Amino acid sequence: MRRSYNALIIILAAISIILSMLDINGIISIVQKPYVYVDASIWLVFVFDYFYGLMVAKDKRFYFRTHIWDLLAIIPLNALFSFFRFNRIFKLVSMQRILLVFRFARLAGIIGKLQLKLKTFLKTNNIVYLFYVCGLMLLVSSFIYSLSEHVSLGNAFWWALATVSTVGYGDISPHTFMGRLAAALLMILGVGFIGMLTSTLTKFFTEEHKKSEFVQIMHALHKLERQNEELSTRISALEQQLHKNEREKNKD
């Protein structure tokens, strides 16, 4: 359940980052329909995530210090927009610049939140190293393709992405030996990467059930230990009482 929840937070953070970037670049307005509803829904989930974690945390000061990114991610942009729009105190200050600062702050918070959630996933099967290898192979293959096929580096990188993802649009294809060799390596890498990613995702979600069972078993063992300690204490008390009664009988 916990890992599924983390996966949901990762997806929502990614969507929020995309919306924030589009808003900052003026492509969309995050305070207008329908984006305002999407942003508000994600914001409510982030607010619940932060304050629930704060509520159940044993050391609330430590939680506050270590969850600054989460706090930045719940900056209410819509409320700030309305405040700066209708409050005359800020009439001499550029509202757009102030909001832009808050948007960047919230974007940084969401990215930080996403980074923290991704760490758990990247540690599974050490898949982070697979991402490093794939990234390096993409760059090397792009350079090889660009030099051998005499195309721009941008087109070469697009071709490398299409090839490694096993999509292969066919708009760009290699004609030289080195280009075809790079394509073959990327195809093999793409198939292996997808298989490894699928395996990691499966393990990422199935480990939660095993972890939950382990926690339940450990809880049951601790409960049995406490019961054994209580029984031992009672038995010791009974033995002492019996010895005391025997001594009193002997005196009589």
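The backbone N, Cα and C atoms fix where each Cβ goes, and this holds for glycine too.
For the coiled coil (221-248), the model's average pLDDT works out to 80. Annotation comment: TrEMBL describes 221-248 as coiled coil.
TrEMBL lists 134-206 with the feature domain 'Potassium channel'. Note on the domain 'Potassium channel' (134-206): DSSP counts are 58 helix, 0 strand, 15 coil.
Residues or ranges marked as transmembrane segment in TrEMBL: 7-28 (among others).
As annotated by TrEMBL, transmembrane segment applies to 34-56 (among others). If you look at the transmembrane segment (34-56), the same-chain residues 6 or more away from its ends with a CB under 8 A from one of its CBs are 8-9, 12, 15-16, 19, 23, 28, 63-64, 67, 70-71, 73-74, 76-78, 110, 113.
If you look up TrEMBL, you'll see 128-148 (among others) marked as transmembrane segment.
Annotated transmembrane segment per TrEMBL: 181-201 (among others), in sequence order.
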Review point. Taking residues 6+ outside the transmembrane segment (128-148), which of them lie with a CB under 8 Å of any CB in it?
Key: 122, 155-157, 159-161, 163-164, 174, 176-179, 181-183, 185-186, 189, 193, 196-197
